[in-house]
């Protein structure tokens, strides 16, 4: 169910005979309302309760300026192929 929308996962599990509930959403890189985890994660017997943990989107703290995962990659390649070839221009 991981990676599916809550509606798709709920429908599939209900059709398979499971009871479905949702747990507390967590921050994730997956889109909002996408299943990021389920409990139990392995096999369960029909009629069992399956708890789906949904994404509430990326953590806002990690999206603030200065905390970007791309920091340090900005400007990469701007000077590629430029320069004097190692300083042997006498």
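Heads up, the Cβ atoms here are built off N, Cα and C, so glycines get one too.
Curation plays no part in TrEMBL annotations; they are all automatic predictions.
Under the heading domain 'PASTA', TrEMBL lists 1-56.
Secondary structure of the region 'Disordered' (1-29) per DSSP (helix as H, G, I; strand as E, B; remaining residues coil): 10 helix, 6 strand, 13 coil. Marked as region 'Disordered' by TrEMBL: 1-29 (among others).
With a threshold of 8 Å between CB atoms, the same-chain residues lying at least 6 positions outside the compositional bias 'Polar residues' (7-25) that come near it are 1, 35, 38-39, 44, 46-56. The compositional bias 'Polar residues' annotation in TrEMBL covers 7-25.
Residues annotated as region 'Disordered' in TrEMBL: 54-90 (among others).
According to TrEMBL, the feature compositional bias 'Low complexity' maps to 63-73.
Annotation comment: TrEMBL describes 74-90 as compositional bias 'Gly residues'.
If you average pLDDT over the domain 'PASTA' (1-56) in this model, you get 96.
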